[in-house]
Structure formats: structure tokens, C-alpha cells
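Pulled from TrEMBL:
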type	residues	note
DOMAIN	1-470	domain 'Major facilitator superfamily (MFS) profile'
TRANSMEM	24-52	transmembrane segment
TRANSMEM	90-112	transmembrane segment
TRANSMEM	118-141	transmembrane segment
TRANSMEM	184-202	transmembrane segment
TRANSMEM	290-311	transmembrane segment
TRANSMEM	323-344	transmembrane segment
TRANSMEM	356-376	transmembrane segment
TRANSMEM	382-404	transmembrane segment
TRANSMEM	416-437	transmembrane segment
TRANSMEM	443-464	transmembrane segment
COMPBIAS	470-482	compositional bias 'Acidic residues'
REGION	470-489	region 'Disordered'
Amino acid sequence: MSKSATRDAASEKEVVSYDLPDGGWGWCVVLGATIYTLLIPMIGSCFGILFYDPLIEMGANSTLTAWIFNINNLVVNFSMPLSGALAKEFGFRTVGFISAIIVSISLVLSAFVSSPGYFILCFSILQGIGGGMAMTCAFLMPPQYFDKRFGTAQSTVCMGISVGQLIAPPFIRYLQIEYGFKCATIIIGGIMLNCCVGASLYQPAEWHWKNKVTRLLPKPQPPSTSPRKASLFMSTEVLPGVGSLVTGINDPRDVEVENEYCNDSRICRVLIEVGRNMLRSITVLKIPKIVIICLCGAISFNSLINFYVFIPFALESAGYSLSDGATCISVGGLGALVTRIIMVPISDRPWFNHRIVYSSGNVIMAVSSLGFTFIGNIWLKYAMMIVFGIGLAMNSTFYICIMLKYGGRDNITEVNGASGICVGTGFIILGPLLGMIRDASGSYVLALCIVSGLLFLPVLLFLLMPKPQEEEEEEKEEEEEQQFDKTNA
């Protein structure tokens, strides 16, 4: 599929048409992104195992634990606009290197945790910034290289999450048993530096464009809109319905404003771009289908991640060991890994319906988490976690595919930012609420039942989802062709 990019000059607009590589160096980029998804997310899925000892020593209840963990996820998601602005100014490779170093430093500092405030500063905030930057780059790089084979690339990148979830819990427990909490956490912090190897593979997509053609066209007369107002919104070429909004990224008047107030300072440009990204992300929430996507993502990710956090503590309160909790998380990763391996060769087939697979994942997670809550046998709990991992893989793998399908490839950064805002806001609301419910009831059963119920909600919301724009255009073309044939007949 042919793409285009524009660069403005004084009186002419340079239009670059190109085809995405759909392979080649793109597979190296997928490898680099997979290294990130292998290492970074395992901190969240193993939070209850990694920091179990210091949380118990501090006497942290479920509410405080939920605040520490969910503030981290809030920062992760709200750092997405920052990541996009930094990547635009300095490149994905540079941002990837910086994010890996930040995550490593945060874990080393967290090894010496002594109070909740110190924990929130070193882990929740510092690791949240680094982790958010790292995962944003990991998921935004492949769409720049792949079009028709993007489903395969995305499934491969997400396999790293499953592998990390499979091997991390027993590995972390081994380190803690052999070296204690502090040394184990410092070792894990050092392992995070391997992400720098992945960042080294993030070459700019422009280096690998195919059939690149550059044309100079007369620059159109800019609309009579306030320059400051124009800079707030995104292009609506793919997302109709926002009104006659114009993009501020390539508006020459914005360049004048930047030069006037920033004197070409790169830091100032980044801050302006962060503000634009935030405002553009908020703007797309005016579109109903984007709101539905973001709400589905917020509910799903908040529920499944808090479910993983509760597992070690819920099992410990029921008389099981921390190693049993680690095994539950690990076998969940096994189920997700096998599912993603199966989906890699079929995800780009014409008959593969991302919407049905995504919604089915929610149903599977809801049913299996409910079964996990009430089943007493540990082996049956393992089985429920394998099923939960299958649903997780079906749901989370194709979330970005849903965003691409309904939001458009040209607007993926804005839609991803809007999703980050909704998911992050959900973490700061739902997570502490679940913790307070657990403390008030004195049991994890009620909190886990609420999680199961929430996982059903995205299925209901998707029933309200309109058809993707591409399908509507195809149906319209078919109707016009049929009408034309009838007229000629």
C-alpha cells in the first residue's frame, strides 16, 4: 500500500510517496521490539512476587499495594505522549536507549526500598516513565515497517510478553532464594540493560522505504484559523467527524510561533510537541468508535493486570506458598505463548476477524478468572491460569490492530495516546478501589469476582461499535457497482 509524507517549504510542499518494506530490516526491528516486550512487562506481571517481601515488611495493606502498583501504571500510560514527542525529535533509537537505562536505575534503587514514599518515587514514578517510553517505542516501531504483514509482526512482538511471563516468575524466585531480595532486584535491574541491544536495531523507517518518489506541489493557502488554535488538533484525513480541524505539525505558522518563543531550543520543541500530542489525543475522544476502543482497553488492561497482582497475595491468604503464585503466573504465560505462536501464521489471513478474536479473549479471561477464584485444587487453578493466558493473548495481541483498523494508520500515535490516557486514568481509579474493597471485606474473593465481571464489559461495549471506515467504503462501492450494473442492464 502506497503511503505519503509531506514537508513544507516557503512556497512549495514536498510530497513523498513510498511503500512500506513489509519485511527486510523490519524483522530486525521486530526482534528489537521483542527484546523490550520480553523484559519490561515482566516487572508488572511479577510485581507481587518481586516486591512481596518488602511490602510485607512495611505492613502494606491491599489498598497501599494497589496505590503503589497503579500509580506506576498511570505514569506508564501518561508517558506515551512524552515518548512520541521525544521519538520525533531525537529518534526511536535514542529514546529506547534512555528508557532502558531509566528502568535499570529504578530497579536498582528499588532494591533499597525502606518506606512507601521511597517506593512510589523509585518504582512507581521512575520505572513508570522508563517503562512507558520503552513500550511505546516497541509498539510504534513495527507499524512503520509493516502493512499487509503487520498482524504477523505484532503477534511476534507480543510473544515476548508471554515468554517473559513464562520464565520470569521462577527465575525471580530462584534469585531471591539464592541471593535475597536486594541482590536479586539489582541483578534484574542489570538484566534490563539488555534492552539497549533491542534499541540498536531501531533504524528509521525512511532508510528502508520502497518505490520512493518525491514531488513538489504548490503549497495550498492555509485556512483562516488562529495559529494557536490550529496547532492543537490532528489531521482528520482518516478520522472523519471531528469537524474542519487542521493539523498543526506541518503548519508554517506554528514554526513561526516556535521560533519566536523557543529560539529553536530542542527541549522547548519537545515540550510543545508533548502538549500537542496530549491535546490531539484528547481531541480524538470526540469520535464514538475511538471512545469505545479506549474504554475497552482501559477496562481490559486494568482488570487483567490487577488480577495478576492479586494472585500471590490471594494464594498466600488461602494457605498456598509464594512459589505456587509464581507457578500460576508462569503457566498463564505458557498459555499466552502457545496461543500467540498459533496466531502468528493466521493473523493476516483475509478470513481472520480481529474484532471477534479480541472480544472472545475478554470472555475467556472473565470465565477463567472466575473459575480460578472458586476452585480450591491448586492443579485446577493452574489449568484456569493457562486458559486465562489464552484469553489474554487473544485480547491484548490485537488491541493495536483494532486501533489501526478503526482509527487509521496515519493517526495511530494520537489514538494510542488517547488509549494511554484512558488506561492510565483507569489504573488510578480501579486499582485502589479494588484494594479498598479487599481490605473492607477481608477477602480476595469479592475483589476477584469484580475483576471477572469487569472483563465482560468490553464485550458489551463492542456490540455498539460501528463498522470500520474501510468496510463502509467497500460496501458503498459494491452498492454503487450493483446499481451501475442494474442501470446498464
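From the backbone N, Cα and C atoms, a Cβ is placed for every residue, glycine too.
Just so it is clear, the model here is predicted, and its values are computed rather than measured.
Residues 69, 72-73, 96, 100, 103, 107, 110, 113, 119, 123, 127, 131, 134-135, 137-139, 141-142, 145-146, 153, 156-161, 163-165, 168-169, 172-173, 185, 188, 191-192, 194-195, 197-203, 207-208, 305, 308-313, 322, 325-326, 329, 333 of the same chain lie 6 or more positions beyond the ends of the transmembrane segment (24-52) yet place their CB under 8 Å from a CB of it. With a threshold of 8 Å between CB atoms, the same-chain residues lying at least 6 positions outside the transmembrane segment (416-437) that come near it are 61-67, 69-71, 73-81, 84, 132, 136, 139-140, 277-278, 280-282, 284-285, 290, 293-295, 297-299, 301-303, 305-306, 310, 400, 403, 446-447, 450-451, 454. Non-local neighbours of the transmembrane segment (290-311) in the same chain are 44-45, 47-48, 65-66, 69-70, 73, 239, 284, 325, 328-329, 332, 362, 365, 369, 388, 392, 395-396, 399, 402-403, 406-407, 415, 418-419, 421-423, 425-427, 430-431, 434, 438, 444, 447-448, 451, 454-455, 457-458, 461-462, 464-465; each lies 6+ residues outside the stretch with a CB under 8 Å from one of its CB atoms. Contact between the transmembrane segment (323-344) and the transmembrane segment (382-404) holds: at least three of their C-beta pairs are under 8 Å, each pair 6 or more apart in sequence. Mean pLDDT for the domain 'Major facilitator superfamily (MFS) profile' (1-470) in the predicted structure: 79.
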